[in-house]
Ligand SMILES: Cc1cc2nc3c(=O)[nH]c(=O)nc-3n(C[C@H](O)[C@H](O)[C@H](O)COP(=O)(O)OP(=O)(O)OC[C@H]3O[C@@H](n4cnc5c(N)ncnc54)[C@H](O)[C@@H]3O)c2cc1C
């Protein structure tokens, strides 16, 4: 029985899903937003410390701050937000409404769907040596929350890609010492970054892998790390205060890979769609990195246009008489009232 039918349910709370949630609220749709992770923001959690320059009208901003701003905006019209739930199955009923089932067995009912799953659910790749830890290591990281927490620390970074190199260079002036290890002879990063890295004070262990983590029995803190040469097996032990592992991400794309829905895909991954946000199935729209159409831009800025289009399509699908486009902010009654309230609050503060 459909106990709680939503107008639109957005799967994925990255930039595309967040802006879709805002815009569907603006279009007076009863909205639900579901994400598999415990917090909203999507892929931006990979680069919370990076300064983002290319979002229109927003001054250079750290990833973490942009997540907050996008999330605040997404909650403007109080959508229902469901976190820690991975949608695994979508089925369409005889009455044309959809049922979404999650990995934990929850069911969610909706008239229309916006798929905004980006590159899927990202899980950081872990070291084999992590499997031997008896308790979670409190000083082992797979993303870098803040640079300052590594101030005056001895930091070991494992990884030879652009992010690992960037982290090493960012930490060099802050940490007591930075060591970088990677399996290849040379890092697979931009030539200029590698050049700058090699002329910096970062100690580099090419062709090495972390083979053991020695932890304090009581605290679980990693104190020493064994690095082994991938060809000669020569081992080196270094003392550390923190270890950062940047080996990329495993992508869980099971929803689309295993779904019975005949959604047309491109390169076995992306949803074949249109610039208006349509997929190959009516009632299911898409926005953000997951949709592919000629001219698609895989950037945060591209997510916003996708979201507006997907929401407008969902609106017209659920209410065929609805206007094709939503009202701009200045003509939107609820936003007018919110603006009025905000300016009254400001006046009160100034008095
Ligand atoms: C290192 C890096 C740096 C970048 N820098 C920039 C930059 O400077 N400027 C810029 O414009 N862009 C940048 N990008 C690109 C930008 O992050 C993406 O274009 C954007 O995040 C795409 O947003 P999205 O909402 O489509 O998907 P995502 O951000 O990938 O979000 C998808 C969400 O869907 C959830 N999800 C997936 N499957 C399910 C499921 N089955 N059930 C429930 N939830 C699910 C995931 O958990 C995730 O939260 C960068 C990307 C990377 C990797």
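Cβ atoms here come from the backbone N, Cα and C positions, even for glycine.
Annotations in TrEMBL come from automatic prediction, not curation.
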**OP:** Choose the correct range: of 304-327, 328-351, which one does TrEMBL annotate as region 'Disordered'? Give that range.
**Re:** 328-351
Subject >> Where the record names 35, 43, 47, 87, 122, 289, 330 as binding FAD, the maximum Cα to Cα distance in Å >> reply: 38
**OP:** Six or more residues out from either end of the compositional bias 'Basic and acidic residues' (331-351), which same-chain residues have a Cβ under 8 Å from its Cβ atoms?
**Re:** 26, 76-77
Original post:
Once near-sequence residues are set aside, which residues in the chain of residue 289 (FAD binding site), 6 or more away, have Cβ atoms under 8 Å from its Cβ?
Top reply: 14, 16, 43, 118, 119, 298, 303
**OP:** Select one residue from 87, 330: among these binding-site residues, choose the one with the most other Cβ atoms within 10 Å of its Cβ.
**Re:** 87
Original post:
Using a 10 Å radius around each Cβ and counting other Cβ atoms from all shown chains, which of the binding-site residues 35, 43, 47, 122 yields the largest count?
Top reply: 35
**OP:** Using a Cβ cut-off of under 6 Å to any atom of ligand 1, determine which of the binding-site residues 43, 47, 122, 289, 330 qualify.
**Re:** 43, 47, 289
Subject >> Structural state of residue 35 (FAD binding site), classified by DSSP into three states >> reply: coil
